[in-house]
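Notes to accompany the following structure.
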């Protein structure tokens, strides 16, 4: 096709001769050319065909070139035609030429934006799209394309770049955080001054490198680092803590968070890595852990809900934020259709997603959840397996998001989530244009109050007076850093100028950060250094005092290094050995040569055993001095182990006990004479101790009985009062509820004040819960009465004389006293639902038994206590069996001459049992297997005396190791003697 009013291209060897074309064909072509030209007039932009050659001369160009360039259309096709290349801005010509040459080389289209110089000298941004046309030999012969005026779009981008510049300044001046932008492959694209300060790299050294260089090579490889980015892209956020490496190889403890970055189309375009040096906080123990938690909570706000659907709109994946947003768990939604969540809750949700599937194009829309009364932003993208959906709770924000809005929201998001601080922008009139940040709440002001307000209206006069000159300095290009104290908080404030791309200051920025934790850490470090200096001085003083103490006590210290076989002695050892101190290195042989020849082998054996067994040693040895005299030494030592448990050193001391040894030899003869008399006195003393302890134990049990009886009496009176009043309270409550019901029937519409109070006290709940509460109080009072009855039965102060009693009642009272141990002290509420020790009662038909009830209860208490002690070391199940029965005189071994009926009480446990070597001693006074302080060793001894000596009964123990133990108490039913004294003279 030929373009109108333009010369025809030179025909190729394969082209037909124009003169040979029939006239009807030429007429058709002319008509088509006129139609094509008329169509082009109504389209925006200029359409052209340019021939191959120098400058690509124009063969055809539409009238749209006149509006774009200001030149007439004929200027490009006349006798001395102007080329389109001459209109391109000199700085852009190389870029345009490269785009065209690249399209020719790749045989594809090109798309390039550049500045065009109009006839009036003005500059206008245009976009040129075209493609080369090739002949049969693949030689380029034409360029066909279009030029579009994009001046207004480019202006909008300039505004956007200005906003992005503001965001860049904010990021660059955050010094305590390293903000690093990565591309999709994890390579560093840009970062702020904080990253340069923390990581130590210059921009030209790090840009283009993989971010795995920030990790120790042995811990994180590039592949493992890329896995982190994959998780971040999938989950919407990744947080971690660990060691990172600076350029100089030094390590620091870092808190790192990764967030995916998306372009305006919602496609992943890179990642944002935020790193904070937390080395000081980690070494300061738990003092700064709260700030770590605050940082994690702030970064968690960047999460976004995401889920994917198959072609039938069934859930195939849901991330954690989506679970929270949809208020459904992942397990309940996977495989379910989307109607389960959205059909009845969100308008036209499924219709929009169905359009995404059918048309196979991304869909972005906002919709309202009528039930939850909130707005959602939905971004859906078609995929090979269905749809990928991003769901955000956008609240009141419903305006359309274009490129400029995206940049502004990014800036606001960074400011709003600025860690432990706030960010504010102000114009040249000192009016705030933006204020965001977590610390604004501490000042009692919201960001909305700042925006549009002047400095004097927002702050008190005293604060505004300080900030006013600093804000003016920032607008004059002078940044300022100050620290401000507000109560117990300390803030670091940076007031900075904000410039556009031309370097002109158009606004100011106030960046405020809470540095209270850092100040506290610095103060703590200062106090720690002072404490260390004092400790160092004290250590030097102690070393001097230790040397004097060794001299006075005749004690010397030494250290033996096994790896170097060298020893170090204190000055006192030289004095003990009658040697002169020497700076020469000593060996173990030097030490051994000073020992008496007869003791050297023993000394060597003891040291070898201490090294082999890693145990301390202590022994006496003799020293042979240079003048032939013998000294006696007390040697102590212990091995020092490394982290692998291997002995690397021995340390010890030597005490000169020569004088003590001589005195000891003098005393040995006197000790031998006194030894016999001491043995005689020991037997008498043991008898006195046994008698005294038994008397004390009896007095304690008597006092315990009186105390328990007194407590039971004191508790019983108020409990009876409470229990008696519960009936009346219940009646009063029913009357009040009846009265309230009458009010409701006759006054169904109460006044607003009463209606509000009914809602405030939750009257319906009170009506339902109060009777339950009264019933619970009654059950508790009855339980307390049972406990009081058991305490009184256990004490039995009214049964000091022998009388017939119910044995079962005494056992039950004792079990009541031990109820807390049976349930397990210190166990949780869930654990206490099952007994710690299961008690199995198997009571026989026993007649009343003549006995001293309180003393027999003491026997039961000791036996049950011992059984529980044994079961505490036993793995579940733990069982305590109590069986009572009459004694069969035909089969059971009873004392000779017994004529009365007998009963027996068997108390058995499934504990670890008692070894045979201990079983024969369990009834001996003061014998116990419990730890020191846990038992007196008198329980079974006194129990044996009460049962056997006072009641004429039997106390028998049977036990098998690993099977448990059983104690058998046998008592005669009738007693025909007066109460004997507990202890005979």
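First residue shown is number 1, and so on along the chain.
Every residue, even glycine, has its Cβ placed from backbone N, Cα and C.
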Looking at the candidate ranges 660-701, 702-743, 744-785, report the one that TrEMBL labels coiled coil.
660-701
Given ranges 448-482, 483-517, 518-552, the stretch to which TrEMBL attaches the annotation coiled coil:
518-552
What range among 1-24, 25-48 does TrEMBL describe as region 'Disordered'?
1-24
Roughly where does the domain 'PAS' (163-216) sit in mean pLDDT, to the nearest integer?
81
Interface-richest range of 32-107, 475-527, 617-669 toward the domain 'PAC' (236-290), CB pairs under 8 Å:
475-527
